[in-house]
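Engineer: Here it is: the structure, laid out below.
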Amino acid sequence: MPREDRATWKSNYFLKIIQLLDDYPKCFIVGADNVGSKQMQQIRMSLRGKAVVLMGKNTMMRKAIRGHLENNPALEKLLPHIRGNVGFVFTKEDLTEIRDMLLANKVPAAARAGAIAPCEVTVPAQNTGLGPEKTSFFQALGITTKISRGTIEILSDVQLIKTGDKVGASEATLLNMLNISPFSFGLVIQQVFDNGSIYNPEVLDITEETLHSRFLEGVRNVASVCLQIGYPTVASVPHSIINGYKRVLALSVETDYTFPLAEKVKAFLADPSAFVAAAPVAAATTAAPAAAAAPAKVEAKEESEESDEDMGFGLFD
(Lines of atoms letter the chains of each structure in order from A and count residues from 1; the text may use other names and numbers.)
(Lines give C-alpha, C1' and ligand atoms only; values in the text may rest on other atoms or scores of the structure.)
Protein backbone atom coordinates (compact mmCIF):
# COMPACT_ATOMS: atom_id res chain seq x y z
CA MET A 1 0.00 0.00 0.00
CA PRO A 2 1.61 3.31 -1.09
CA ARG A 3 2.40 5.78 1.68
CA GLU A 4 0.21 8.90 1.64
CA ASP A 5 1.94 12.15 0.74
CA ARG A 6 2.72 14.72 3.43
CA ALA A 7 -0.11 17.09 2.44
CA THR A 8 -2.68 14.31 2.77
CA TRP A 9 -1.16 13.22 6.09
CA LYS A 10 -1.38 16.77 7.47
CA SER A 11 -4.97 17.11 6.32
CA ASN A 12 -5.93 13.83 7.98
CA TYR A 13 -4.11 14.84 11.17
CA PHE A 14 -6.02 18.14 11.34
CA LEU A 15 -9.32 16.32 10.83
CA LYS A 16 -8.42 13.79 13.52
CA ILE A 17 -7.48 16.30 16.22
CA ILE A 18 -10.57 18.42 15.50
CA GLN A 19 -12.81 15.36 15.67
CA LEU A 20 -11.25 14.32 18.98
CA LEU A 21 -11.68 17.83 20.42
CA ASP A 22 -15.36 17.74 19.41
CA ASP A 23 -16.07 14.18 20.56
CA TYR A 24 -14.28 14.28 23.92
CA PRO A 25 -15.21 16.94 26.51
CA LYS A 26 -12.12 16.22 28.63
CA CYS A 27 -8.43 15.79 27.95
CA PHE A 28 -4.99 15.96 29.54
CA ILE A 29 -2.04 17.86 28.14
CA VAL A 30 0.81 15.46 28.87
CA GLY A 31 4.58 15.75 28.72
CA ALA A 32 6.32 12.86 26.95
CA ASP A 33 9.99 13.45 27.77
CA ASN A 34 12.06 10.25 27.93
CA VAL A 35 9.10 8.11 26.80
CA GLY A 36 10.16 5.62 24.13
CA SER A 37 8.05 4.16 21.34
CA LYS A 38 7.71 0.79 23.09
CA GLN A 39 6.48 2.42 26.31
CA MET A 40 4.10 4.65 24.34
CA GLN A 41 2.64 1.58 22.65
CA GLN A 42 2.11 -0.03 26.06
CA ILE A 43 0.34 3.11 27.31
CA ARG A 44 -1.98 3.17 24.30
CA MET A 45 -2.86 -0.49 24.84
CA SER A 46 -3.63 0.00 28.54
CA LEU A 47 -5.90 2.98 27.77
CA ARG A 48 -7.74 1.29 24.90
CA GLY A 49 -11.50 1.73 25.24
CA LYS A 50 -11.09 4.43 27.89
CA ALA A 51 -8.88 7.12 26.36
CA VAL A 52 -7.11 8.13 23.14
CA VAL A 53 -3.50 9.35 23.03
CA LEU A 54 -2.55 11.83 20.31
CA MET A 55 0.97 13.14 19.79
CA GLY A 56 2.26 15.49 17.13
CA LYS A 57 4.25 18.61 16.35
CA ASN A 58 3.31 21.65 18.41
CA THR A 59 2.95 23.85 15.33
CA MET A 60 0.44 21.45 13.78
CA MET A 61 -1.56 21.12 16.99
CA ARG A 62 -1.71 24.90 17.44
CA LYS A 63 -2.71 25.41 13.79
CA ALA A 64 -5.50 22.84 14.05
CA ILE A 65 -6.85 24.39 17.26
CA ARG A 66 -6.68 27.96 15.93
CA GLY A 67 -8.61 26.87 12.84
CA HIS A 68 -11.35 25.46 15.09
CA LEU A 69 -11.69 28.40 17.52
CA GLU A 70 -14.69 29.80 15.65
CA ASN A 71 -16.67 26.67 16.50
CA ASN A 72 -15.23 26.21 20.01
CA PRO A 73 -13.67 29.39 21.47
CA ALA A 74 -12.84 27.64 24.77
CA LEU A 75 -10.05 25.72 22.99
CA GLU A 76 -7.97 28.91 22.99
CA LYS A 77 -7.09 28.14 26.62
CA LEU A 78 -5.05 25.16 25.41
CA LEU A 79 -2.69 27.18 23.20
CA PRO A 80 -0.35 28.62 25.90
CA HIS A 81 0.28 25.12 27.26
CA ILE A 82 1.32 23.50 23.98
CA ARG A 83 5.07 23.82 24.36
CA GLY A 84 7.85 21.30 24.69
CA ASN A 85 7.39 17.61 24.00
CA VAL A 86 3.66 17.35 24.70
CA GLY A 87 0.56 15.54 23.48
CA PHE A 88 -3.10 14.96 24.36
CA VAL A 89 -4.95 12.20 26.17
CA PHE A 90 -8.67 12.45 25.35
CA THR A 91 -11.27 10.70 27.48
CA LYS A 92 -14.92 10.58 28.55
CA GLU A 93 -14.14 8.59 31.70
CA ASP A 94 -13.36 9.77 35.21
CA LEU A 95 -10.23 11.91 35.07
CA THR A 96 -8.80 10.53 38.30
CA GLU A 97 -9.09 6.98 36.97
CA ILE A 98 -7.23 7.85 33.76
CA ARG A 99 -4.60 9.75 35.76
CA ASP A 100 -4.00 6.65 37.89
CA MET A 101 -3.67 4.49 34.77
CA LEU A 102 -1.02 6.84 33.38
CA LEU A 103 0.89 6.70 36.67
CA ALA A 104 0.73 2.90 36.64
CA ASN A 105 2.47 2.88 33.25
CA LYS A 106 5.59 4.66 34.44
CA VAL A 107 8.76 2.57 34.16
CA PRO A 108 11.92 2.78 36.31
CA ALA A 109 14.97 4.22 34.60
CA ALA A 110 18.66 4.49 35.42
CA ALA A 111 20.29 7.88 35.90
CA ARG A 112 22.12 9.15 32.83
CA ALA A 113 24.86 11.76 32.92
CA GLY A 114 23.54 15.12 31.73
CA ALA A 115 19.87 14.31 32.38
CA ILE A 116 17.73 16.64 34.50
CA ALA A 117 16.59 14.93 37.69
CA PRO A 118 12.76 14.86 37.92
CA CYS A 119 12.95 14.00 41.63
CA GLU A 120 15.28 13.98 44.60
CA VAL A 121 17.69 11.03 44.80
CA THR A 122 18.86 9.71 48.18
CA VAL A 123 21.32 6.85 48.58
CA PRO A 124 20.38 4.85 51.70
CA ALA A 125 22.87 3.64 54.28
CA GLN A 126 23.97 0.17 53.20
CA ASN A 127 26.80 -2.23 52.63
CA THR A 128 27.62 -1.65 48.97
CA GLY A 129 29.48 -4.91 48.40
CA LEU A 130 32.21 -2.92 46.61
CA GLY A 131 35.88 -3.41 47.38
CA PRO A 132 38.10 -0.92 49.28
CA GLU A 133 39.65 0.29 46.02
CA LYS A 134 36.47 2.34 45.40
CA THR A 135 36.82 4.35 48.62
CA SER A 136 38.27 7.42 46.87
CA PHE A 137 35.27 7.43 44.53
CA PHE A 138 32.88 7.79 47.49
CA GLN A 139 35.10 10.41 49.13
CA ALA A 140 34.99 12.53 45.97
CA LEU A 141 31.19 12.62 46.27
CA GLY A 142 31.34 13.52 49.97
CA ILE A 143 29.87 10.20 51.13
CA THR A 144 31.02 8.97 54.55
CA THR A 145 32.00 5.29 54.47
CA LYS A 146 33.89 2.63 56.36
CA ILE A 147 35.37 -0.72 55.47
CA SER A 148 33.32 -3.56 56.90
CA ARG A 149 34.45 -7.16 56.28
CA GLY A 150 36.41 -6.14 53.24
CA THR A 151 33.63 -4.09 51.58
CA ILE A 152 32.57 -0.44 51.62
CA GLU A 153 29.66 0.45 53.89
CA ILE A 154 27.75 3.76 53.60
CA LEU A 155 27.18 4.98 57.17
CA SER A 156 24.14 7.22 56.67
CA ASP A 157 21.58 8.25 54.06
CA VAL A 158 23.02 10.72 51.55
CA GLN A 159 21.09 13.15 49.36
CA LEU A 160 22.95 12.68 46.10
CA ILE A 161 20.84 14.70 43.62
CA LYS A 162 18.23 17.42 44.10
CA THR A 163 15.13 17.88 41.96
CA GLY A 164 15.98 19.85 38.82
CA ASP A 165 19.74 19.27 39.09
CA LYS A 166 21.74 17.95 36.16
CA VAL A 167 23.00 14.44 36.83
CA GLY A 168 26.80 14.36 36.87
CA ALA A 169 28.93 11.55 35.48
CA SER A 170 30.10 10.51 38.97
CA GLU A 171 26.57 10.41 40.38
CA ALA A 172 25.32 8.36 37.42
CA THR A 173 28.24 5.92 37.73
CA LEU A 174 27.66 5.46 41.48
CA LEU A 175 23.93 4.80 41.07
CA ASN A 176 24.62 2.27 38.33
CA MET A 177 27.24 0.51 40.49
CA LEU A 178 24.68 0.25 43.31
CA ASN A 179 21.99 -0.97 40.87
CA ILE A 180 19.74 1.96 41.79
CA SER A 181 17.24 3.16 39.16
CA PRO A 182 16.08 6.39 40.83
CA PHE A 183 13.86 7.82 38.12
CA SER A 184 10.61 6.72 36.53
CA PHE A 185 9.44 7.96 33.17
CA GLY A 186 6.01 8.10 31.59
CA LEU A 187 3.39 10.55 30.38
CA VAL A 188 3.28 13.42 32.89
CA ILE A 189 0.03 15.38 33.19
CA GLN A 190 0.76 19.10 32.86
CA GLN A 191 -2.75 20.55 32.51
CA VAL A 192 -6.34 19.31 32.66
CA PHE A 193 -8.97 20.54 30.17
CA ASP A 194 -12.51 19.80 31.32
CA ASN A 195 -15.57 21.14 29.46
CA GLY A 196 -13.95 24.46 28.62
CA SER A 197 -12.07 24.91 31.90
CA ILE A 198 -8.35 24.35 32.29
CA TYR A 199 -6.63 23.74 35.62
CA ASN A 200 -3.64 22.20 37.36
CA PRO A 201 -3.60 18.39 37.81
CA GLU A 202 -3.23 18.79 41.60
CA VAL A 203 -6.95 19.65 41.63
CA LEU A 204 -7.68 15.96 40.95
CA ASP A 205 -6.36 15.14 44.44
CA ILE A 206 -9.08 17.24 46.11
CA THR A 207 -11.71 15.01 47.74
CA GLU A 208 -15.22 15.75 49.00
CA GLU A 209 -13.88 15.67 52.57
CA THR A 210 -11.31 18.33 51.67
CA LEU A 211 -13.98 20.55 50.11
CA HIS A 212 -16.25 20.09 53.13
CA SER A 213 -13.53 21.01 55.64
CA ARG A 214 -12.40 24.02 53.58
CA PHE A 215 -16.02 25.21 53.26
CA LEU A 216 -16.60 24.97 57.02
CA GLU A 217 -13.34 26.79 57.67
CA GLY A 218 -14.46 29.57 55.33
CA VAL A 219 -17.86 29.83 57.02
CA ARG A 220 -16.19 30.12 60.43
CA ASN A 221 -13.86 32.85 59.17
CA VAL A 222 -16.75 34.80 57.62
CA ALA A 223 -18.80 34.50 60.81
CA SER A 224 -15.87 35.66 62.94
CA VAL A 225 -15.14 38.72 60.79
CA CYS A 226 -18.82 39.69 60.54
CA LEU A 227 -19.26 39.40 64.31
CA GLN A 228 -16.29 41.68 64.89
CA ILE A 229 -17.44 44.40 62.50
CA GLY A 230 -21.16 44.03 63.24
CA TYR A 231 -22.13 43.12 59.69
CA PRO A 232 -24.98 40.56 59.59
CA THR A 233 -24.67 37.55 57.29
CA VAL A 234 -26.24 34.09 57.18
CA ALA A 235 -23.13 32.71 58.91
CA SER A 236 -23.02 35.31 61.70
CA VAL A 237 -26.71 35.98 62.47
CA PRO A 238 -27.23 32.86 64.69
CA HIS A 239 -24.22 33.88 66.80
CA SER A 240 -25.40 37.49 66.92
CA ILE A 241 -28.84 36.38 68.18
CA ILE A 242 -27.29 34.18 70.89
CA ASN A 243 -24.89 36.92 71.99
CA GLY A 244 -27.75 39.44 72.01
CA TYR A 245 -29.89 37.14 74.15
CA LYS A 246 -27.04 36.73 76.63
CA ARG A 247 -26.67 40.51 76.93
CA VAL A 248 -30.42 41.03 77.44
CA LEU A 249 -30.46 38.25 80.05
CA ALA A 250 -27.52 39.83 81.89
CA LEU A 251 -29.24 43.23 81.78
CA SER A 252 -32.46 41.72 83.12
CA VAL A 253 -30.64 40.09 86.02
CA GLU A 254 -29.00 43.39 87.00
CA THR A 255 -32.18 45.51 86.68
CA ASP A 256 -35.89 45.29 87.43
CA TYR A 257 -36.66 44.61 83.78
CA THR A 258 -37.87 41.07 83.28
CA PHE A 259 -39.35 38.68 80.73
CA PRO A 260 -40.55 35.06 81.00
CA LEU A 261 -37.24 33.40 80.09
CA ALA A 262 -35.37 35.60 82.58
CA GLU A 263 -37.68 34.92 85.52
CA LYS A 264 -36.43 31.34 85.98
CA VAL A 265 -32.81 32.51 85.99
CA LYS A 266 -33.64 35.24 88.50
CA ALA A 267 -35.41 32.70 90.72
CA PHE A 268 -32.38 30.40 90.76
CA LEU A 269 -30.05 33.31 91.50
CA ALA A 270 -32.31 34.49 94.33
CA ASP A 271 -32.51 30.99 95.87
CA PRO A 272 -29.60 28.74 94.77
CA SER A 273 -30.96 25.94 96.96
CA ALA A 274 -33.94 25.67 94.60
CA PHE A 275 -31.53 24.88 91.78
CA VAL A 276 -29.84 22.22 93.93
CA ALA A 277 -33.23 20.71 94.77
CA ALA A 278 -34.26 20.67 91.13
CA ALA A 279 -31.35 18.44 90.13
CA PRO A 280 -32.36 15.41 92.27
CA VAL A 281 -35.93 15.72 91.00
CA ALA A 282 -34.71 15.44 87.43
CA ALA A 283 -32.49 12.52 88.36
CA ALA A 284 -35.36 10.80 90.16
CA THR A 285 -37.58 11.24 87.11
CA THR A 286 -34.96 9.53 84.96
CA ALA A 287 -34.37 6.75 87.46
CA ALA A 288 -38.08 5.97 88.05
CA PRO A 289 -38.53 3.57 85.11
CA ALA A 290 -35.36 1.70 86.08
CA ALA A 291 -36.49 1.49 89.71
CA ALA A 292 -39.89 0.16 88.64
CA ALA A 293 -38.26 -2.55 86.58
CA ALA A 294 -35.89 -3.62 89.37
CA PRO A 295 -38.50 -5.25 91.73
CA ALA A 296 -39.86 -7.26 88.82
CA LYS A 297 -36.38 -8.68 88.18
CA VAL A 298 -35.87 -9.45 91.90
CA GLU A 299 -39.26 -11.15 92.08
CA ALA A 300 -38.49 -13.20 89.00
CA LYS A 301 -35.15 -14.22 90.51
CA GLU A 302 -36.81 -15.31 93.79
CA GLU A 303 -39.35 -17.40 91.88
CA SER A 304 -36.52 -19.03 89.98
CA GLU A 305 -34.67 -19.85 93.21
CA GLU A 306 -37.83 -21.31 94.79
CA SER A 307 -38.35 -23.45 91.71
CA ASP A 308 -34.75 -24.69 91.94
CA GLU A 309 -35.18 -25.52 95.63
CA ASP A 310 -38.35 -27.50 94.92
CA MET A 311 -36.52 -29.44 92.28
CA GLY A 312 -33.73 -30.12 94.74
CA PHE A 313 -36.08 -31.51 97.41
CA GLY A 314 -37.83 -33.61 94.83
CA LEU A 315 -34.59 -35.40 94.01
CA PHE A 316 -34.10 -36.61 97.58
CA ASP A 317 -37.77 -37.49 98.40
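Quick reminder: no glycine exception, Cβ is built from N, Cα and C everywhere.
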Engineer: Any idea which of 150-173, 294-317 is down as region 'Disordered' in Swiss-Prot?
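Structural biologist: Feature region 'Disordered' in Swiss-Prot: residues 294-317.
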Engineer: If I look at Swiss-Prot, which residue among K50, K246, K264 would I find recorded as ubiquitin cross-link?
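Structural biologist: Record says K264.
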Engineer: For which of T59, T145, T255 does Swiss-Prot record the feature phosphothreonine?
Structural biologist: T59
Engineer: Roughly how many Å lie between the Cα atoms of K264 (ubiquitin cross-link) and Y24 (phosphotyrosine), rounded to a whole value?
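Structural biologist: Computed Cα spacing between K264 (ubiquitin cross-link) and Y24 (phosphotyrosine) is 68 Å.
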Engineer: If you measure Y24 (phosphotyrosine) to T59 (phosphothreonine) at Cα, how many Å is it?
Structural biologist: 21
